[in-house]
Amino acid sequence: MFLKAVVLTLSLVAVTGAQAEVSANQVATVVWDYFSQLSNNAKEAVEHLQKSELTQQLNALFQDKIGQVNTYTDNLQKKLVPFATELHERLRKDSEKLKEEIRKELEELRARLLPHADEVSRKIGDNMHELQQRLGPYAEELRTQVNTHAERLRNQLTAHAQSLETTLRQNVDNLQASLTPYADELKAKIDQNVEELKGHLTPYADELKVKIDQNVEDLRRSLAPYAQDVQEKLNHQLEGLAFQMKKNAEELKAKISANADELRQKLVPVAEVVRGKLRDNTEELQKSLAELSSHLDRQVEEFRRNVGPYGETFNKALLQQVEELRQKLGPYAGDVEDHLSFLEKDLRDKVNSFFSTLEEKENQDMLVAVPELQLTPVPLES
């Protein structure tokens, strides 16, 4: 049942709090996914939307999954579960209201922009062209970096596998002692190289967010002369556009990271298999090492093929979102189901605010809890 998956995710988020900062984005995603799932499943919504029942199940699962982990986790549970439950209730109640507000906002915007419809459409088209020019080099650079670092990863791991084969031929009489360090080092190299791969590729998403902000600001300035009486409404629509575009950037980052982690998960077991066969005869071990090299090639090549096109796909998605804005502001838009992105943006803003307040309070409490240093006077010798 989806509800149990949501509760489990919230529990895991809280458990990791002792080792790392709890992510507001994680909690917002859990609540939003839960809301979206229930919105698409009327029967489950009827069964599980009551606040009291949701709170009860969340608290019960916290107790079942984490028990007495530490004071921080216990405190987080007490604050997070009621907050998440209340936020979900507000989402449900605000959805239709916000939908109507966005409909009226777009109607007023269209009416004000109608006398300048052709100019507005041209300005947005120019902005799309500028966006394409800005993002094009990033897509090409991402593909180049994927190819470069994937090839580097392949070369380093293949070289280590070849060292294993060489050592095998030179130390037939003492395989386990000679090869064990190499097998252990191979696993460490896989972890290290995959982390370096992620480190080189994931920053692209943050750079793209800067370009998105620049492009949306350019669009706002170009449309401002046509929306003098409704500038606030135009700004609101552009905020929604920027949110959607940045969400795509976050998804790009997550997809790159997930593919790198998947690559690691496929490579590490093979290294462990080789280590496990050190007690086997030489022929079996040679066969395993030969399979290791080909397996490394296949998995790295698969990663390269999967991740390489992500930049172009990302660019197309952003251009489509700007085109959708042009259609929404045009005279023939009709009804547009646009409120959900604004609802999600509002949700994430509230979660970020909640976590900022919680973090500030935790820091203040820690300062208060630190006892003052007291010096015990030492009697002077007479």
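Residue positions begin at 1 at the first shown residue.
Every residue, even glycine, has its Cβ placed from backbone N, Cα and C.
Pulled from Swiss-Prot, these are the features on record:
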- 33-330: region '13 X 22 AA approximate tandem repeats' (REGION)
- 33-54: repeat '1' (REPEAT)
- 60-81: repeat '2' (REPEAT)
- 82-103: repeat '3' (REPEAT)
- 115-136: repeat '4' (REPEAT)
- 137-158: repeat '5' (REPEAT)
- 159-180: repeat '6' (REPEAT)
- 181-202: repeat '7' (REPEAT)
- 203-224: repeat '8' (REPEAT)
- 225-246: repeat '9' (REPEAT)
- 247-268: repeat '10' (REPEAT)
- 269-286: repeat '11' (REPEAT)
- 309-330: repeat '13' (REPEAT)
- 1-20: signal peptide (SIGNAL)
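Counting residues per DSSP class in helix, strand and coil order gives 22 helix, 0 strand, 0 coil for the repeat '3' (82-103). Taking every recorded stretch in 115-136, 137-158, 181-202, 203-224, 247-268 and counting its Cβ pairs under 8 Å to the repeat '13' (309-330), the highest total belongs to 115-136. For the repeat '7' (181-202), residue counts in helix, strand and coil come to 21 helix, 0 strand, 1 coil, using DSSP. If one looks beyond the repeat '7' (181-202) by at least 6 residues along the same chain, the residues whose Cβ comes under 8 Å of a Cβ in the stretch are 142, 145-146, 149-150, 152-153, 156-157, 160-161, 163-164, 167, 253, 256-257, 260-261, 263-264, 267-268, 271-272, 274-275, 278, 307. Counting residues per DSSP class in helix, strand and coil order gives 20 helix, 0 strand, 2 coil for the repeat '13' (309-330).
Broken down by DSSP into helix, strand and coil, the repeat '5' (137-158) contains 22 helix, 0 strand, 0 coil. Residues of the repeat '4' (115-136) grouped by DSSP class, helix first, strand second and coil last, total 22 helix, 0 strand, 0 coil. Helix first, then strand, then coil: DSSP counts for the repeat '9' (225-246) stand at 21 helix, 0 strand, 1 coil.
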